[in-house]
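Undergrad: Have a look at this one.
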């Protein structure tokens, strides 16, 4: 079998390559237009923005050969953008046109009743064989093909599965003749996704060329928010990666951002700078462990940025490449995603740095301090849009905003609510008599954002930052809490409610988890889309399976299937 993968030059194509290797399938890469004639099966693992995909395919002379391949009748499997390019056009990039094979357009989700991007695990409900139960896969996209057999009957005849998100139903996969395409990412959907890829490849090519299922008369869309919107809450395992004092890469975890062990000082225990960096294991080993335990995503944060390493010798790239061989759920990489200069003086843009991580196997990049500076610049300009030069904007333009996470590190600033008349008066939080921390009872505060790993406090508030980075192109916001980090007292619900009320992109809760009940509390009290934890998983205090079992018991929807 001549299986080829199409790499248009951007995005995380390595994850599919790793999936195929794990499943035992050999393949070649499309490196020139002539390779299309050699292929007897073709997979297009598209990751990124519609414009970038079409533009790069055109520049490389691959767009028309791709069209010819599709018309040849040989099997084709398009993933995400690899499916979307089959359509006429996309609202994401109005000046660019797709192949027009599926006769309808790609439109943006309506964000009036939900967050956008649509991000997480959702069901793909079979239409052509409705007697089969739904399967759950990983989605991450802001644009989709709306399912409307009445208004778009020709496009509806391509529909293989549909998915509901909020009050909208969209086409989550297409199938007709030799063409199969999925909006979701099977290579990032754990065992279910790997099985889908394997089944497609092990089906004889003649059957895949003819199409296993014939188009049928489709039912009109029906919306039942309780029964059909199956988007689950995500549980994310996070690892802070840095070098120890001997130069070895380890996973560590701090208490309010201090990662060194406590050492005796007199009659008391105090945190001393001379203490060793807390070592909780090797990053790749732990990533593999958490994947097997059922984590919905894995987050690797480079907390020292390896400032003296040139991009071509960046230690975290090796970590990502290794982890991506064993982890088949989304990988987020953070730390050092910014414009930088190598020791030899070579300038590297944030986009170039992010691109290397995507090529190594990352699905999303997390931006920290650089996002604060970009937000401050936007606020100082007095404009309601950026100039397109920030790291957030450039990466979002190339890969789609769903690929950009902004990680914020706020801390409380206590004020006298009676006399305070500062710029953040409308964001004040007032501690109740039942506050978890006794020191908060009867006090008021606002949340100031920080940079440099929490070492420098800025005047910009958490709400200002959240709104600004959404404007700049962030697709998700990770909310840490310096005050709760390492305390085990639970997530800061006051902080999370402020951020959720400020943006329409997904929000991830972080910092403070100490027991499984904290996860149900944060979902019920704040409505965040995901919750992240580190120390309690590393130390074995709580297992990911326990968390999900507890959430299920409390009627909170989670992905529970693990191979």
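All positions are counted from 1 along the displayed chain.
From the backbone N, Cα and C atoms, a Cβ is placed for every residue, glycine too.
No curator has checked TrEMBL annotations; they are predicted automatically.
What you see is a predicted model, and the numbers here were worked out from it, not measured in a lab.
These came from TrEMBL, pasted as-is:
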type: DOMAIN; residues: 5-191; note: domain 'Glutamine amidotransferase'
type: ACT_SITE; residues: 80; note: active site, for GATase activity
type: BINDING; residues: 80; note: L-glutamine binding site
type: ACT_SITE; residues: 185; note: active site, for GATase activity
type: ACT_SITE; residues: 187; note: active site, for GATase activity
type: ACT_SITE; residues: 240; note: active site
type: BINDING; residues: 336, 480; note: substrate binding site
type: ACT_SITE; residues: 409; note: active site
Undergrad: Hey, what's the Cβ neighbour count for residue 480 (substrate binding site) at 10 Å?
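TA: Looking across every protein chain shown, the total is 26.
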Undergrad: Tell me the Cβ neighbour count for residue 336 (substrate binding site), meaning other Cβ atoms within 10 Å of its Cβ, over all protein chains shown.
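TA: There are 25 of them.
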Undergrad: On a C-alpha basis, identify the one among 80, 185, 187, 240, 409 that is nearest to residue 336 (substrate binding site); the candidates are the active-site residues.
TA: 240
Undergrad: Inside 10 Å of the Cβ of residue 240 (active site), count up the other Cβ atoms and send me the figure.
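TA: Result for residue 240 (active site): 25 neighbouring Cβ atoms inside 10 Å.
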Undergrad: Taking every protein chain in this structure into account, which of the active-site residues 187, 409 has the most other Cβ atoms within 10 Å of its Cβ?
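TA: Selected residue: 187.
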Undergrad: For the domain 'Glutamine amidotransferase' (5-191), what's the mean pLDDT in this predicted model?
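TA: Reported value for the domain 'Glutamine amidotransferase' (5-191) is a mean pLDDT of 90.
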Undergrad: Return only the integer: C-alpha distance in Å from residue 80 (active site, for GATase activity) to residue 409 (active site).
TA: 32
Undergrad: In sequence order, which residues at least six apart in the same chain have a CB under 8 Å from the CB of residue 185 (active site, for GATase activity)?
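TA: Expected: 15, 79, 80, 137, 138, 139, 140, 193, 330, 363.
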